[in-house]
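So the structure is just underneath, and the comments pick up after that.
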């Protein structure tokens, strides 16, 4: 007599389960929603009201086309950092280890976390974009450009969240994530989000072009304004793939070590 073993779920299905667990947890933590949505929305409205007319008068361009991308990406990063602060607690309480020994794919907990980050970023970017449209943002190249516009921050935050995981699983507390947040979010605000690059000194433009947030913000600006976006989109993908190739293995090894090491 033979007994058929129960069929294992797919990696995608198991990742969805873990992602759902995190999304439910984040809904119970207002701080994550505040950092990911309320704060960048407040920042967008404040910048638009305070400096919008001045930038339009000086540069001749509407600041919304840079402010909305900048606030969407910054909000996604803020949310990823705050969500990552719970990882050391999950490691120390043994939650990561218990999830590791479940009869599921080893990668499902990690991919589920990244999937949850992507879902949160997609929703927050869509809402921030809607606020931007209410303030006067228009997609001059057609509304189909909205799709890649909201997907660019998703790509960026998945890579950024991978870096957050790589650091958080090795840190004693989540406070060390500030060392990642400060330069990363600082690079967003030092991109072309506030002032178009052509209005800046050449030395500043050079520094701006050498960091990954420049093509990210510039591609979203081009998608909204109807300008050619292929080149900045290509650079964004190159930066994302390159950083993921370096950070990804570190996150996987760190997560595995956190799961199998007694705490």
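Each Cβ is built from the backbone N, Cα and C atoms, and glycine gets one as well.
Under the heading transmembrane segment, TrEMBL lists 31-51, 63-83, 143-169, 176-195, 229-252. Residues annotated as domain 'ABC transmembrane type-2' in TrEMBL: 31-258.
When each of 63-83, 143-169, 229-252 is scored by its Cβ pairs under 8 Å to the transmembrane segment (31-51), the top-ranked stretch turns out to be 63-83. Same-chain neighbours of the transmembrane segment (63-83): 22, 26, 31-32, 35-37, 39-41, 43-44, 47-48, 51-52, 55-56, 117, 120-121, 124-125, 128-129, 132, 135-137, 149-150, 152-154, 156-157, 160-161, 164, 177-178, 180-181, 184-185, 188-189, 191-196, 213, 216-217, 220-221, 224-225, counting only residues six or more beyond its ends whose CB sits under 8 Å from a CB of the stretch.
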